[in-house]
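Asker: Right, I'll just put the structure down here and ask away after.
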Amino acid sequence: GDCHKFLGWCRGEKDPCCEHLTCHVKHGWCVWDGTI
């Protein structure tokens, strides 16, 4: 997947794109920080 356009899901099995990112708990996908 393209980690720049979509950072990946972090529900259950973490997407490799999420490795250095923050999981957005509400939406269940990865973001650069948790303020979105």
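Using N, Cα and C of the backbone, Cβ positions are placed for all residues, glycine too.
Swiss-Prot lists these features:
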type	residues	note
DISULFID	Cys3-Cys18	disulfide bond
DISULFID	Cys10-Cys23	disulfide bond
DISULFID	Cys17-Cys30	disulfide bond
MOD_RES	Ile36	isoleucine amide
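Where in this structure would I find these features, and how exposed are they?
Answerer: The local packing around Cys18 (disulfide bond), expressed as other Cβ atoms within 10 Å of its Cβ over all shown chains, amounts to 18.
Under DSSP, Cys23 (disulfide bond) is assigned to a strand (E or B) in the three-state scheme.
The secondary structure of Cys30 (disulfide bond), as reduced to three states from DSSP, is extended strand.
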Asker: What is the total of other Cβ atoms whose distance to the Cβ of Cys10 (disulfide bond) is within 10 Å?
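Answerer: Cys10 (disulfide bond) is surrounded by 20 other Cβ atoms within 10 Å.
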Asker: Quick check for the class: what is the C-alpha distance, in angstrom and rounded, between Cys18 (disulfide bond) and Cys10 (disulfide bond)?
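Answerer: So the Cα of Cys10 (disulfide bond) lies 7 Å away from that of Cys18 (disulfide bond).
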